[in-house]
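Working notes, structure below.
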Amino acid sequence: MAFEELLSQVGGLGRFQMLHLVFILPSLMLLIPHILLENFAAAIPGHRCWVHMLDNNTGSGNETGILSEDALLRISIPLDSNLRPEKCRRFVHPQWQLLHLNGTIHSTSEADTEPCVDGWVYDQSYFPSTIVTKWDLVCDYQSLKSVVQFLLLTGMLVGGIIGGHVSDRFGRRFILRWCLLQLAITDTCAAFAPTFPVYCVLRFLAGFSSMIIISNNSLPITEWIRPNSKALVVILSSGALSIGQIILGGLAYVFRDWQTLHVVASVPFFVFFLLSRWLVESARWLIITNKLDEGLKALRKVARTNGIKNAEETLNIEVVRSTMQEELDAAQTKTTVCDLFRNPSMRKRICILVFLRFANTIPFYGTMVNLQHVGSNIFLLQVLYGAVALIVRCLALLTLNHMGRRISQILFMFLVGLSILANTFVPKEMQTLRVALACLGIGCSAATFSSVAVHFIELIPTVLRARASGIDLTASRIGAALAPLLMTLTVFFTTLPWIIYGIFPIIGGLIVFLLPETKNLPLPDTIKDVENQKKNLKEKA
């Protein structure tokens with residue numbers, strides 16, 4: 001915790017931190033559209049089989065010259081159970097007799113129809129083009145749409161696992177810059193992917209980069225911030241993610257073509273990559289990894305930016321070494337992921353934090369995936385989701401500062417669980433109430449993410465924070481992958497998935513009681529700091 005002494009000499013919340021936030025917040029805002037891009041880029045428009053009599057571009061398809069388009073559609077495409085044109089089958093031969101029959105009479109058998117062997121015709125009133133229309137991901141191939149989302153999620157999972165290790169090895173700044181460039185290139189190339197498999201590979205790489213950007217954007221700035229302002233920074237960062245969802249709704253509404261949307265979302269990250277050269281590496285990480293000269297330069301640069309004039313005289317290698325000697329000695333022992341579980345206090349903390357992340361991610365993604373059933377158009381729904389999450393995340397800042405870390409998490413997790421469980425008993429006819437409860441659940445789930453993130457940073461020591469962050473984010477990605485799979489349980493009981501979504505956060509809220517309160521406490525740098533923190537809390541109790 002000695003780094004807090006050095007931070008107080010260079011300024012824990014000044015011009016440098018503000019400039020850092022000016023870079024980080026916009027990059028987080030524009031990152032979310034990349035993660036949720038398939039909500040629009042892979043939208044499935046209305047479609048039907050291509051029919052010679054209707055869709056022959058030569059103009060000779062309608063040989064009668066007197067039949068309307070509706071009449072030609074009637075004799076060419078069978079009706080489904082809702083008396084709407086089938087999306088995946090057509091008549092082998094025109095059924096002229098249907099022109100003289102009541103619309104509710106079906107005089108043809110399954111043998112009279114065939115799949116869409118000549119392709120499909122898509123409704124372009126909402127989206128002129130999506131990856132679904134480009135590669136015909138409908139009917140028997142509709143499941144391929146979920147392959148893209150699965151691979152993106154898998155990329156984020158792999159990024160969560162690897163990101164912490166490479167960041168501890170090569171530094172937060174270098175890995176962040178690499179991933180900013182990788183995301184810009186891969187998602188720009190995805191807009192021009194020649195085949196569906198190539199598109200999938202590029203989206204996997206985009207997911208890999210996205211997760212590391214989220215992690216490495218948050219860690220350095222929180223390490224440069226004084227303890228009593230860390231909650232504010234985390235809330236601002238998570239609030240930027242919510243604003244990103246609102247931005248996505250607006251971008252998708254303006255740029256309906258999926259390729260244009262990809263390019264528009266990707267170009268800003270080339271700019272972020274160029275601007276990131278002025279980012280300063282975490283001095284805490286530099287010192288802990290025995291790069292004292294570089295750490296001293298970083299501290300002096302921060303002091304100059306913050307207007308601390310006597311920093312050159314007061315800050316030198318001897319001061320840094322003597323202040324951080326205990327942490328330097330502890331850091332000489334190479335840390336691994338196993339170190340998170342060797343110490344009883346660390347083992348308890350990491351296991352609880354991982355479960356909390358997992359328990360909140362399942363209802364968050366479970367609710368988000370099924371928001372389409374609310375009935376609103378997807379553009380408005382995306383904006384509404386982001387707006388509600390942003391408002392409740394701002395509320396989380398007040399609860400974190402006034403009620404503490406533990407009580408905030410308990411409050412929000414209980415509200416998530418109770419709102420989801422209550423919604424299972426609300427009739428579908430009561431749409432307003434269902435939407436209100438769904439928004440409450442999503443908003444509180446977003447606030448829980450912010451609360452857990454603040455508590456996580458204050459519970460895990462610097463030497464292990466990036467690796468622990470990788471494990472934490474891995475648990476989040478696993479929860480996200482499981483959330484939609486739980487919907488298959490509806491074959492046993494229609495409300496069973498929702499009951500599971502509601503129970504997990506309630507259990508998580510109860511487990512939070514096992515963690516210590518860390519409000520206004522300095523960040524631990526080593527495992528020994530964690531032990532000392534534990535002793536101090538016991539003495540106060």
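The backbone N, Cα and C atoms fix where each Cβ goes, glycine too.
The N-linked glycosylation site annotation in Swiss-Prot covers ASN56 (among others) and rests on sequence analysis. Under 8 Å, Cβ to Cβ, and six or more positions away along its own chain, ASN56 (N-linked glycosylation site) finds no residue.
Taken from Swiss-Prot, the feature N-linked glycosylation site applies to ASN102 (among others), supported by sequence analysis.
Averaged across the topological domain 'Cytoplasmic' (1-15), pLDDT in this predicted model comes to 73. Per Swiss-Prot, the feature topological domain 'Cytoplasmic' maps to 1-15 (among others).
Sequence annotations record features per position, and here Swiss-Prot assigns topological domain 'Extracellular' to 37-145 (among others) based on sequence analysis.
Annotation comment: Swiss-Prot describes 167-193 (among others) as topological domain 'Cytoplasmic', evidence class sequence analysis. Counting only same-chain residues 6+ beyond the ends of the topological domain 'Cytoplasmic' (167-193), those with a CB under 8 A from a CB of the stretch are 27, 31, 34, 37, 199, 202-203, 205-206, 208-210, 212-213, 215-217, 219-220, 258-260, 262-263, 265-267, 269-270, 272-273, 276-277, 279-282, 285-286, 335, 466-467.
The topological domain 'Extracellular' annotation in Swiss-Prot covers 215-230 (among others), and the record cites sequence analysis as its basis. Broken down by DSSP into helix, strand and coil, the topological domain 'Extracellular' (215-230) contains 13 helix, 0 strand, 3 coil.
Positions annotated as topological domain 'Cytoplasmic' by Swiss-Prot, on the basis of sequence analysis: 252-259 (among others). Panel annotation: around the topological domain 'Cytoplasmic' (252-259), residues 39-42, 126-131, 134, 191-192, 378-379, 382 of the same chain, lying at least six beyond its termini, place a Cβ under 8 Å from a Cβ of the stretch.
If you look up Swiss-Prot, you'll see 281-349 (among others) marked as topological domain 'Extracellular'.
Swiss-Prot lists 371-377 (among others) with the feature topological domain 'Cytoplasmic'.
Residues or ranges marked as topological domain 'Extracellular' by Swiss-Prot on the basis of sequence analysis: 399-406 (among others).
When DSSP labels each residue, the topological domain 'Cytoplasmic' (428-436) comes out as 6 helix, 0 strand, 3 coil, counted as helix, strand and coil in that order. Residues or ranges marked as topological domain 'Cytoplasmic' in Swiss-Prot: 428-436 (among others).
Residues or ranges marked as topological domain 'Extracellular' in Swiss-Prot: 458-472 (among others).
If you look up Swiss-Prot, you'll see 517-541 (among others) marked as topological domain 'Extracellular', on the strength of sequence analysis. Summarised by DSSP class, the composition of the topological domain 'Extracellular' (517-541) is 14 helix, 0 strand, 11 coil.
The transmembrane segment annotation in Swiss-Prot covers 16-36 (among others) and is backed by sequence analysis. Remote same-chain residues near the transmembrane segment (16-36) are listed as 152, 156, 180, 183, 187, 206-207, 210, 213-214, 217-218, 220-221, 224-225, 233, 236-237, 240-241, 243-245, 247-248, 251, 265-266, 268-269, 272, 275-276, 279-280, 301-302, 305-306, 382 (criterion: CB distance under 8 Å, separation of at least six residues from the stretch ends).
Taken from Swiss-Prot, the feature transmembrane segment applies to 146-166 (among others).
Summarising the annotation, Swiss-Prot assigns transmembrane segment to 194-214 (among others).
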Spatial neighbours of the transmembrane segment (146-166) far in sequence, C-beta under 8 Å, 6+ residues away: 35, 38, 42, 131, 175, 199-201, 203-212, 215-216, 337, 466-474, 476-478, 480-481
Intrachain residues whose Cβ lies under 8 Å of the transmembrane segment (231-251), provided they are six or more past its termini: 17, 21, 24-26, 28-33, 36-37, 39-40, 217-218, 221-222, 225, 261, 264-265, 379-383, 385-387, 389-390, 393-394, 396-397, 400-401, 446, 449-450, 453-454, 457
Among 407-427, 437-457, 473-493, 496-516, stretch most in contact with the transmembrane segment (194-214) (C-beta, under 8 angstroms): 473-493
Three-state composition of the topological domain 'Cytoplasmic' (167-193), taking helix and strand from DSSP: 23 helix, 0 strand, 4 coil
Three-state composition of the topological domain 'Cytoplasmic' (1-15), taking helix and strand from DSSP: 9 helix, 0 strand, 6 coil
